[in-house]
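Asks: Structure incoming, see below.
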Amino acid sequence: MNKKLVKEFLIITFVIMLIFWGGCALISQIFNLTINNIFLRIMHIIGGFSPTIASYISLKRNNKVKNLKEWLKKIFDIKHNIWTYILVILFVLIYYVLGCAINGFKFGAPIFMLIVILPVMLFGGGNEEVGWRMILQPELEKKFGFHIATIFTSIIWWLWHLPIFFIIGTANANMNYFLFGIMCLTLCYALATIRKVSKGVFPCILTHCLINGLSAIFVFNYSLLSCCITLIVTIIVSILILNMARSLHIKDE
């Protein structure tokens with residue numbers, strides 16, 4: 001594990017997050033302002049890009065990329081085999097089919113709006129993956145192995161989100177933080193599996209965009225039961241997929 005790379009990535013990520021999301025939360029609580037305030041909205045967006053910004057800075061400082069062009073090329077490597085994109089669809093289906101089946105759901109935005117929502121989600125979640133799954137997860141795996149690395153990544157990811165639960169008007173402000181932690185672990189298993197099989201970050205970005213984007217279409221309230229069942233099913237599928245990948249050699253080359 002490249003300790004220097006991981007340390008720099010996490011420090012930069014959390015410093016930016018604390019300045020912008022932490023500041024945003026404080027202003028929101030003190031002055032009773034919502035996320036609809038343009039100043040808070042800008043702070044919220046910048047804070048959400050903290051893993052993205054930290055990814056480029058830390059990779060460049062550690063000579064992992066030479067310039068912005070090379071960094072972007074590593075991110076938008078869309079040439080993966082069909083198994084990778086099947087995995088993306090599979091994990092998204094697990095997340096939504098179980099959530100909707102257990103909790104019930106209602107339709108929000110029309111399904112065709114996904115065409116518009118997906119690109120937007122690149123800047124509302126998908127962008128994070130160039131940090132969590134391009135640096136943190138694979139580096140931690142080198143020292144701790146897949147499962148422990150995934151758990152560590154999910155805890156860090158969960159803690160990183162904390163300030164936005166105190167920004168009035170955000171979707172997270174109305175969520176249970178501990179149920180959200182279970183969801184983080186669930187998504188970390190799905191995304192880590194996709195990252196392991198594909199050896200790329202773009203499929204993880206796509207998965208994150210789909211998960212976030214579909215939440216505007218299939219609307220349901222999370223429950224402890226649905227979160228736990230979805231987590232268990234995701235872990236089982238993850239283990240099966242990784243075993244199949246090793247035995248059938250379906251990993252991208």
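These residue numbers are counts, starting from 1, taken along the chain as shown.
Glycine too: its Cβ is placed from the backbone N, Cα and C atoms.
Got these off TrEMBL a minute ago, pasting:
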- 9-32: transmembrane segment (TRANSMEM)
- 38-59: transmembrane segment (TRANSMEM)
- 80-98: transmembrane segment (TRANSMEM)
- 104-123: transmembrane segment (TRANSMEM)
- 113-213: domain 'CAAX prenyl protease 2/Lysostaphin resistance protein A-like' (DOMAIN)
- 144-169: transmembrane segment (TRANSMEM)
- 175-194: transmembrane segment (TRANSMEM)
- 224-245: transmembrane segment (TRANSMEM)
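Can you walk me through where each of these features ends up in the structure?
Replies: Outside the transmembrane segment (9-32), and at least 6 residues removed from its termini, the chain residues within Cβ reach (under 8 Å) are 39-40, 43-44, 46-51, 53-55, 57-58, 131, 135-136, 156, 160, 163-164, 166-169.
Here the transmembrane segment (80-98) has Cβ contacts under 8 Å with residues 186-187, 190, 193-194, 197-198, 200, 202-203, 206-207, 210-211, 214, 218, 226, 229-230, 233-234, 237, 241, 250, 252 of the same chain, all six or more residues outside its ends.
Sequence-distant neighbours of the transmembrane segment (175-194) (same chain, 6+ residues past either end, Cβ-Cβ under 8 Å): 84, 87-88, 91, 94-95, 129, 132-133, 137, 146, 149-151, 153-155, 157-158, 161-162, 165, 203-204, 207-208, 211, 222-224, 227-228, 230-231, 234-235, 237-238, 241-242.
Sequence-distant contacts of the transmembrane segment (224-245) (same chain, at least 6 residues past either end, Cβ-Cβ under 8 Å): 87, 90-91, 94-95, 98-99, 102-103, 146, 179, 182-183, 185-186, 189-190, 192-193, 196-197, 251.
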Asks: Sort the residues of the domain 'CAAX prenyl protease 2/Lysostaphin resistance protein A-like' (113-213) into helix, strand and coil with DSSP and give the three counts.
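Replies: Its residues fall into 87 helix, 0 strand, 14 coil.
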